[in-house]
Amino acid sequence: MNIILLGPPGAGKGTQSQRLVERHGMRQLSTGDMLRAAVKAQTPVGLKAKAVMDRGELVSDDIVSELIDAELTAMHGNVGAIFDGYPRTAAQAGQLDVILAKHDRSLDKVIELEVNEEALVDRITGRFTCAKCGTGYHDRHKQPAREGVCDVCGSTEFKRRPDDNEETVRTRMQEYRAKTAPILPIYEERGLVERVDGMGGIDEVTAAIDALLK
């Protein structure tokens, strides 16, 4: 099973990708993570990418495709792939088809986690964590049992991510729509796109995705 998992920041894509890895033995292929790892390991494609980035240029589709190709080559044929952050353009979608065919694979599903923008703004802007143990809380949905005291470790220090503000969240939503707009119609024409309500509980979303993969 090879899938593309789509969803804006805050939709729970990272959490669900990890669930797929744990429950189905799949491999998450995040182009950003792979690029950083290749540069750090000084692989041939990593050195090529570093030279481009050192010039202040964007890494080309060809280099990203090389990364994907190398990862699939290293993977066992029975291990499914979760593509995260790729493809983002029609050209990349075409390249992915070629790469998958080379490895006797095909794309089975494109799953989009749908979110309500207003609810997503509320979810993200209200979240905060214990500065000591990292336990997550929310202004409206999950306050500590004792005000100002972490339920887990008893710390009284909390923190918020500086980019968890309404303006940034809405900008991210716009960027996400712009990035996915070119590729969704391609996969919709093939009948591969499935949509899951990303605003449900984590277990509910996981169950909905599992049902699509059966």
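Glycine too: its Cβ is placed from the backbone N, Cα and C atoms.
Residues annotated as ATP binding site in Swiss-Prot, with sequence analysis given as evidence: Gly10, Ala11, Gly12, Lys13, Gly14, Thr15, Arg127, Gly200. Around the Cβ of Arg127 (ATP binding site), 17 further Cβ atoms fall within 10 Å across all displayed protein chains.
Taken residue by residue with DSSP, Glu57 (AMP binding site) is part of neither helix nor strand, so it is coil. Marked as AMP binding site by Swiss-Prot: Thr31, Arg36, Glu57, Leu58, Val59, Gly85, Tyr86, Pro87, Arg88, Gln92, Arg160, Arg172.
Under the three-state DSSP scheme, Cys130 (Zn(2+) binding site) falls in the strand class. Taken from Swiss-Prot, the feature Zn(2+) binding site covers Cys130, Cys133, Cys150, Cys153.
Annotation source Swiss-Prot lists region 'NMP' at 30-59, citing sequence analysis. A Cβ distance under 8 Å defines the sequence-distant neighbours of the region 'NMP' (30-59), meaning residues of its chain 6+ beyond its ends; these are 66-68, 70-71, 84-86.
Residues annotated as region 'LID' in Swiss-Prot, with sequence analysis given as evidence: 126-163. Per-residue confidence over the region 'LID' (126-163) averages out at a pLDDT of 94.
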Closest to Glu57 (AMP binding site): which of the binding-site residues Gly12, Gly14, Cys133, going by Cα position?
Gly14
In whole Å, note down how far the CA of Cys150 (Zn(2+) binding site) lies from the CA of Gly200 (ATP binding site).
25
Considering each pair of residues in Gly10, Ala11, Gly12, Lys13, Gly14, Thr15, Arg127, Gly200, all listed as binding ATP, report the largest CA to CA distance in Å, no decimals.
17
Name the residues of the same chain, 6+ apart in sequence, whose Cβ is under 8 Å from the Cβ of Val59 (AMP binding site)?
Leu35, Ala49, Val52, Met53
Would you find the one among the binding-site residues Gly12, Gly14 whose Cβ has the most company, meaning other Cβ atoms within 10 Å?
Gly12
